[in-house]
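Novice: Just passing along the structure, written as structure tokens.
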């Protein structure tokens, strides 16, 4: 097919049909892009914790669905209203939130949560419809967070797309479209920590490692990493961690006490919660300083979050963040450039690579202690 011929494409995608740990590669139809949309041929995608939650019906149990909101691809065709902005062959990152620059939130520069192009949970694009269907039955397929990157082709509104330098190492671009950037942004944009700050990062997956790197580049003096996987100690140190705590080594001691042991009994200025385990939050808050300690909730959890009012009455702050406070057009290009300049090295994130036809293997790979990031290679 010609790169600039907008027609229905039949391709393969990873489809989730029901609750549970099951995914199948099926033939689907991908419609042409509408006026303000882009159809993308995916080159790489990666697995994020939030993608795995959709197997459990979080945040909404919509099926059939194609997961995936991390990835990088090449523009295959564009809608009639955006031919001057993007063209076939451009390398782009599909994103799960946009930045209009004009709404109250965007103008305030206090948040990255755009009113015009928000994070969407409906499983549909901005006009309330889908661009994907099962090839044999025409059954509508739901998108995942405006994206669905676990497909050979996908359609997305241009306001959720970022054109990038084709010289960028493309697997890195996939990692930066959510996980690592979300962590990196939390100390950089969401809290804007100052030089000499003391921080603790709970959960050293891609998000947590990003938080460590962001804290290091902001000048944090002590960066404590907490994880029950001993393999993460080396990973954390590679990104700038100064101390490591494995709670399994101290079964009779509270994590908050172990953090205070490292910080002269005071706790840390900032805690970054990157586990997505709701039951841990109360203890994480307790690891921050009385009076002005701040905990940033990053990891998405399907359960209600239990917290102690006394912890907050004692002057602590709990704050949530999406994408680490990073604005998709104003801030994300800065992170991409830092990677191209080798200020940020992401080799330590890459642990496993699979083909789309082997997508079912992810459930076992994710259980491996050396797993950090799984890359789907469409080439």
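Glycine too: its Cβ is placed from the backbone N, Cα and C atoms.
Positions annotated as Zn(2+) 1 binding site by Swiss-Prot: 48, 69, 178. Residues or ranges marked as NAD(+) binding site in Swiss-Prot: 49-53, 203-208, 227, 232, 275-277, 298-300, 321-323. Summarising the annotation, Swiss-Prot assigns Zn(2+) 2 binding site to 100, 103, 106, 114 and lists similarity to another entry as the type of evidence.
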Novice: Reduce the DSSP letter at residue 178 (Zn(2+) 1 binding site) to three states and note it down.
Specialist: coil
Novice: To see if you understand the setup: which same-chain residues, six or more apart in sequence, place their Cβ under 8 Å from that of residue 103 (Zn(2+) 2 binding site)?
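Specialist: Those within reach of residue 103 (Zn(2+) 2 binding site), by Cβ under 8 Å and sequence separation of 6 or more, are 114, 115, 116.
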Novice: Please work out which residue of 100, 114 has the most C-beta neighbours within 10 angstroms of its C-beta, and give that one of the binding-site residues.
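Specialist: Counting every other Cβ within 10 Å of each candidate, the maximum falls on 114.
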Novice: Excluding 100, 103, 106, 114, please set out which residues of the same chain place their CB within 8 Å of the center of the CB atoms of the Zn(2+) 2 site, keeping sequence order.
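Specialist: For the Zn(2+) 2 site the neighbour list reads 98, 99, 101, 102, 104, 105, 107, 115, 116, 117.
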Novice: At 10 angstroms around each C-beta, which of the binding-site residues 204, 277, 300 has the fewest other C-beta atoms nearby?
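Specialist: Per-residue Cβ counts within 10 Å for the binding-site residues 204, 277, 300 bottom out at 277.
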Novice: Judged by the number of other CB atoms within 10 angstroms, which among 49, 232 is the least packed of the binding-site residues?
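Specialist: Selected from the binding-site residues 49, 232 on minimum Cβ neighbours within 10 Å: 49.
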Novice: Within the same chain, and leaving aside 48, 69, 178, name every residue whose CB is within 8 angstroms of the centroid of the CB atoms belonging to the recorded Zn(2+) 1 site, in sequence order.
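Specialist: For the Zn(2+) 1 site the neighbour list reads 46, 50, 51, 68, 70, 96, 145, 147, 177, 179.
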Novice: By CA distance, which of the binding-site residues (48, 204, 323) lies nearest to residue 100 (Zn(2+) 2 binding site)?
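Specialist: Nearest candidate: 323.
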Novice: Given the binding-site residues 69, 106, 178, find the one whose Cα is closest in space to the Cα of residue 52 (NAD(+) binding site).
Specialist: 69
Novice: Specify the count of other C-beta atoms within 10 Å of the C-beta of residue 52 (NAD(+) binding site).
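Specialist: Its Cβ shell of radius 10 Å holds 16 other Cβ atoms.
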